[in-house]
Amino acid sequence: MQDYKIEFIKFALSRNVLRFGEFKLKSGRVSPYFFNAGLFNTGADLARLGEFYAAAIQANRLAYDVIFGPAYKGIPIGTTVSVALFNRFGLDKPVCFNRKEAKDHGEGGNLIGSPLQGNVLLVDDVITAGTAIREAMDIIAANGATLSAVVIALNRKERGKGELSAVQEVERDYQCRVLSIIELDDLLAFLETDSEYSRYLPSMKAYREQFGVA
């Protein structure tokens, strides 16, 4: 496992973004872990978060023209990712985000920032039902752009109502790569080597066995 993945897990734990225990999800499932990226909510947190996204983007050698952060959670993520890519790698990439309701005055429209054109790198926190990605795809298509890849913080690798995960459904429906800073297997690998949290490994393995995807 790459160093940036280990560091991200430790960072998420230190901010209570990632917690182990017993959590009731919206789906009704009881999960042995919970991830809430909204708790990355200070300048220092967001700066580091952007660096982890940038590391994942560079590690996967993604080709793209513009970064798109869909409203609402994707807006600060897209912003901090663009700054991190410049500060760490010297890449000055344009960034764009949408507003939920179009304005009919001022700059108008529902997009802010760079024009949404060419190959688009979409950044968000997680994909649960895939609804936000589908809404973003409508916006990308309406502007004549192409979705190049999606990068999220965590891939739960968990089945939805069918046999596929939400991430797999997005990859199938839009023929694009969905990458993540970390995924469920990374959490398991971390638990296997960390004495402080290793007690959660059995419940995590059991959850993956019941709900996980390949």
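Easy rule for this one: first residue shown is 1, then count along the chain.
Every residue, even glycine, has its Cβ placed from backbone N, Cα and C.
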Quick one: which of Arg61, Arg99, Arg156 does Swiss-Prot put in the orotate site with Phe34, Phe35, Thr128? Arg156
Measure from the CA atom of Phe35 (orotate binding site) to the CA atom of Asp125 (5-phospho-alpha-D-ribose 1-diphosphate binding site) and give the result in Å, rounded to a whole number. 10
For Lys100 (5-phospho-alpha-D-ribose 1-diphosphate binding site) and Thr128 (orotate binding site), determine the Cα separation and express it in whole Å. 19
Are there any residues in the same chain, six or more apart in sequence, whose C-beta is under 8 angstroms from the C-beta of Lys26 (5-phospho-alpha-D-ribose 1-diphosphate binding site), and if so which? Thr128
Quick check for the class: what is the C-alpha distance, in angstrom and rounded, between Phe34 (orotate binding site) and Ile127 (5-phospho-alpha-D-ribose 1-diphosphate binding site)? 14
Phe35 (orotate binding site) versus Ile127 (5-phospho-alpha-D-ribose 1-diphosphate binding site) - Cα distance in angstrom: 12
